[in-house]
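Trainee: Heads up, here are the entries from Swiss-Prot:
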MOD_RES   THR54  phosphothreonine
BINDING   ILE71, GLY72, GLU73, GLY74, GLY75, PHE76, GLY77, ARG78, VAL79, LYS94  ATP binding site
MOD_RES   TYR139  phosphotyrosine
ACT_SITE  ASP192  active site, proton acceptor
MOD_RES   SER196  phosphoserine
MOD_RES   SER226  phosphoserine
MOD_RES   THR232  phosphothreonine
MOD_RES   TYR240  phosphotyrosine
COMPBIAS  355-381  compositional bias 'Polar residues'
Amino acid sequence: MSCFSCFSSKVLDNEGSSMPAPYKQPNSPKRTTGEVVAKNANGPSNNMGARIFTFRELATATKNFRQECLIGEGGFGRVYKGKLENPAQVVAVKQLDRNGLQGQREFLVEVLMLSLLHHRNLVNLIGYCADGDQRLLVYEYMPLGSLEDHLLDLEPGQKPLDWNTRIKIALGAAKGIEYLHDEADPPVIYRDLKSSNILLDPEYVAKLSDFGLAKLGPVGDTLHVSSRVMGTYGYCAPEYQRTGYLTNKSDVYSFGVVLLELISGRRVIDTMRPSHEQNLVTWALPIFRDPTRYWQLADPLLRGDYPEKSLNQAIAVAAMCLHEEPTVRPLMSDVITALSFLGASSNSSNTGSNHLQQNRSNKYQDAVQWDSSPRYANSQM
């Protein structure tokens with residue numbers, strides 16, 4: 001039985017309903033993700049489907065990795081905007097820090113995963129470079145950057161995401177996760193779902209990126225895979241943190257955190273807030289149990305411009321995904337059904353009662369001074 005049987009079966013699917021199968025070379029026997037990962041355990045082969053670049057080609061594309069081309073930076077290294085010459089194409093080039101968080105294994109995993117798995121809601125890997133000790137990945141360029149840029153790190157004067165766009169982004173991310181869980185063979189556990197890893201195309205279609213921590217999921221009668229605990233604090237499922245046991249429900253929990261960020265406009269961990277509000281999930285849990293307080297979770301920057309029913313149901317979805325007991329969490333297919341219904345209802349609903357609108361307005365005014373500082377900062381992919 002669906003976890004969201006209370007939702008209508010009507011599904012809004014602006015992003016296409018078909019789920020492509022894992023990638024395989026034309027005129028060749030079908031290869032599962034597991035078979036190819038095992039075959040390429042010591043390094044990617046030349047027939048992976050991704051283009052192999054020389055370091056010189058990528059240096060030329062990024063103007064020798066000039067600062068003016070830098071669009072993102074983190075523990076893994078730096079991301080540059082580049083332009084390939086043949087064929088002419090704008091790309092994003094991730095140059096891994098040789099002493100950074102993403103090592104040889106993570107580089108290999110990302111090349112293999114993105115060479116095999118193709119979906120509208122996964123970022124497209126164009127190629128890679130493994131010259132000497134240089135490790136670089138070349139992706140399609142995403143001009144809008146990450147969800148984090150538009151939700152948590154707004155530039156001064158930048159317009160916040162409206163409610164319908166937030167639901168659209170959540171739906172796209174959910175479809176990407178569902179593809180990994182249900183269509184890949186064997187299933188893939190993403191393990192690093194967070195707002196900075198969700199990239200946006202010009203139409204705000206969400207694409208999952210950074211697959212270095214992805215792991216092949218359990219097969220047959222196996223219920224979980226054991227793994228060293230990795231990921232980003234605040235997004236990791238509590239049972240995974242405690243035991244190292246990884247399941248697809250670990251990704252569902254992380255999705256619930258991202259959905260809560262989309263609803264609230266708050267960071268999952270924010271040490272600049274009062275102590276009882278610094279952990280987003282901990283702060284939200286008592287509100288989940290009191291529907292009369294749901295409006296308190298809405299992002300003040302929305303200024304009350306959202307359908308009350310859509311907000312309430314989005315919060316209900318987030319609460320299910322964040323359930324302490326993994327088996328109670330929904331499947332991503334159920335999440336997609338629920339969010340698709342929300343997308344449909346958001347386009348046809350009004351914003352609720354005058355009393356609720358006044359509460360929203362007051363909440364917005366109370367938050368203006370707060371949000372004018374912490375959420376307006378500089379950040380990239």
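Heads up, the Cβ atoms here are built off N, Cα and C, so glycines get one too.
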Trainee: Please report the Cα separation of VAL79 (ATP binding site) and TYR139 (phosphotyrosine) in Å, rounded to an integer.
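Mentor: Per the Cα atoms, VAL79 (ATP binding site) and TYR139 (phosphotyrosine) stand 10 Å apart.
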Trainee: Among all the protein chains here, how many other CB atoms are within 10 A of the CB of VAL79 (ATP binding site)?
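Mentor: Neighbour count, Cβ to Cβ under the 10 Å cut-off: 24.
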Trainee: Just how many other Cβ atoms lie inside 10 Å of the Cβ on THR232 (phosphothreonine)?
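Mentor: Other Cβ atoms found within 10 Å: 18.
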Trainee: Within a 10 Å radius of its Cβ, which of these modified residues (THR54, SER196) has the fewest neighbouring Cβ atoms?
Mentor: THR54
Trainee: What count of other C-beta atoms do you get within 10 angstroms of the C-beta of ILE71 (ATP binding site), across all chains shown?
Mentor: 18
Trainee: Work out the three-state DSSP category of SER196 (phosphoserine).
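Mentor: Going by the DSSP assignment, SER196 (phosphoserine) falls within a helical segment, counted as helix.
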Trainee: I need the CA-to-CA distance for TYR240 (phosphotyrosine) versus THR232 (phosphothreonine), whole Å please.
Mentor: 12
Trainee: Compute the C-alpha separation of GLU73 (ATP binding site) from SER196 (phosphoserine), stating it in Å without decimals.
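Mentor: So the Cα of SER196 (phosphoserine) lies 11 Å away from that of GLU73 (ATP binding site).
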Trainee: Write out the long-range same-chain contacts of TYR139 (phosphotyrosine), meaning residues 6 or more apart in sequence whose Cβ is under 8 Å from its Cβ.
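Mentor: The list for TYR139 (phosphotyrosine) reads VAL91, ALA92, VAL93, LYS94, VAL123, ASN124, LEU125, ILE126, SER209, given in order along the sequence.
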